[in-house]
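Visitor: Per TrEMBL, the feature domain 'Photolyase/cryptochrome alpha/beta' maps to 7-152. What TrEMBL records for 163-187 is region 'Disordered'. Among the features that TrEMBL reports, compositional bias 'Basic residues' is placed at 169-183. Among the features that TrEMBL reports, site 'Electron transfer via tryptophanyl radical' is placed at Trp393, Trp449, Trp472.
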Amino acid sequence: MVTQSNECCLIWHRRDLRLHDNDIYSTLIKKEDFASVSLFIFDEKYFQPQPSHVNKDLKCLWSGPFYTQAMIEAVTHLRDQIRGLGGELIVRVGDPWKIVPEIAEKISAKEIVFSEEPGSYEQQISQQIKEKYIYHTGNSNIHLTTKIGYTLYHPDDLPHDPNEWSRLAHPKNKKGNKKKSPKQKPVEDLYINTVDVSSHRFRGKCRIMGDFRKAARSYTTVRKPIEAPSRLCLPHNFSSLGLDSGSIPTLEQLFHHLNNTRILGLDKSFGRTVLQYAIKRRDERIDVKVNEESALLQLETFITSGNAATADRSLADVSGGNSSKLSVHFALGTLSPRKAYWRANQESKEQVKWIMSHLEMRDFFLFTCFEMGTSFFSSKGLPISKKQNAVEWICPSEKMEIWTRYCTGDTKIPMIDAAFKELATTGYCSNRVRQNMASVLTKDLGIDWRAGALLFQFLLRDHCVACNTGNWFYFSGVGPDPKSRHFRTVSQTKRYDPYGIFIKKWLPEFRSIDDMETILRPWDHDLDGYRYPIVDPQTQFTWQDLKLLEETGRVTDD
């Protein structure tokens, strides 16, 4: 569909690969004859080896095979949707800083619209585009608008004053609430029609997750989702522009560097093997494709089936109905968090409670990432005590044998090895085992938590830079967590995999074993290959289980 209007908007999709509740289309919904061209860029930097935050000699990739395949599927579906409404999605591989202005000029855009994203590099790209069009260092005739649809709460709806954050989080604590709020530096003057996600905007935000959730919930409400556009119009001269719509790349094309890359110092075969698993799952159609349609269907099914109310999300194995499996959709923006919240809210208050809590936890890390900027990736994390500041991390290169065993699922701790097998072959594992994996690396081995975060960034299908990094420093002991969390993996297995279902599923050597004591403590039962765990097994029991073991010779109650 074409329009005779001279007004044309370039809509740049990032991690918002959907049409429902996507504010970047709000102008088009109001003005149906307004022409638009959509754009998605596979940023080449994500697929090329980059120096890591841990050590510049340790190379990492910002996007892994499982996540990228999900992205490819989402972009493919989005293009079909946009074309079905009369529009077009241009696809490019390269540098957004060069491509966005190039396409804008080609279509004679009067406006560029895109969504803000967390992450220091992502914000750097946003800032470069802003500097070009807002500071008028380039074409001043193009209007720039930024939106945000990645979060549950809109940043404009959250408190702006540090004292207000404190008062809302601790309403009964009157001490210090009489202080006058410092004058706010006028940041937004230069960012008219943009969403302020600067570090300064979130100054004074609650540092404790629970405080943030309490303050946000009492201060504002979740915005209602907006409708998807019913039609899109191309510029009247679009067909004469000679603009190639571009082909969507394959995994093989994007990861051609991987054959010669040592991911985080590991053998080159590590990256190649993960890529092969991702290709296998794609070719054999093992996973449901990731796109807006499947996201909305998964949300609806999870709620109407009753699984949302009955799911036991604490288990090591959350297959079946014990997980919403919506994390990959939130990561890529194929599902709006506001849509998920309001859909669940239609059912019952009890059913929505945990969903809202999880989305608020996600928001905490997203806004903390915006707030901290590049320091979000500092080894110090976001400590709330001097004791946390005192941690001295070990670089993986200093313990390469140990690091390799950890990454390849050869720790000889059954839960951890099973978790790595699942993660490396599917791109997914439950939150329960992710926490245990983080605990072993940081609390037991003392290896830099950022190495673990970067490893997960490469492996996870549902990777989100803010959530992944935030959770890693949170559970490594240098995050905004008032509790000291050291997960004892044997005791955790006893509690969250009581019949060994998860371990047997991913470690074949345990499938013929019925005795849970052998599954929990293979080193004590002469199981071949399990005599030398990567850490002292005694550290992997709670004191209660250690006492039970000493008194009865068993960890289980049977």
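The backbone N, Cα and C atoms fix where each Cβ goes, and this holds for glycine too.
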Visitor: How many Å lie between the Cα of Trp393 (site 'Electron transfer via tryptophanyl radical') and the Cα of Trp472 (site 'Electron transfer via tryptophanyl radical')?
Guide: 14
Visitor: How do the residues of the domain 'Photolyase/cryptochrome alpha/beta' (7-152) split into helix, strand and coil according to DSSP?
Guide: 57 helix, 35 strand, 54 coil
Visitor: Would you mind pulling the DSSP three-state label for Trp393 (site 'Electron transfer via tryptophanyl radical')?
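Guide: Reduced to three states, the DSSP call for Trp393 (site 'Electron transfer via tryptophanyl radical') is coil.
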Visitor: Cβ-Cβ under 8 Å from Trp449 (site 'Electron transfer via tryptophanyl radical'), same chain, 6 or more residues apart: which ones?
Guide: Ser379, Gly381, Trp393, Ala438, Leu441, Thr442, Trp472, Phe473, Ser476, Val478
Visitor: Along the domain 'Photolyase/cryptochrome alpha/beta' (7-152), what average pLDDT does this model show?
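Guide: 93, rounded to a whole number.
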Visitor: Find, for the listed recorded sites Trp393, Trp472, the residue with the lowest Cβ contact count at a 10 Å cut-off, counting only other Cβ atoms.
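Guide: The recorded sites Trp393, Trp472 were compared, and Trp393 has the fewest Cβ atoms within 10 Å.
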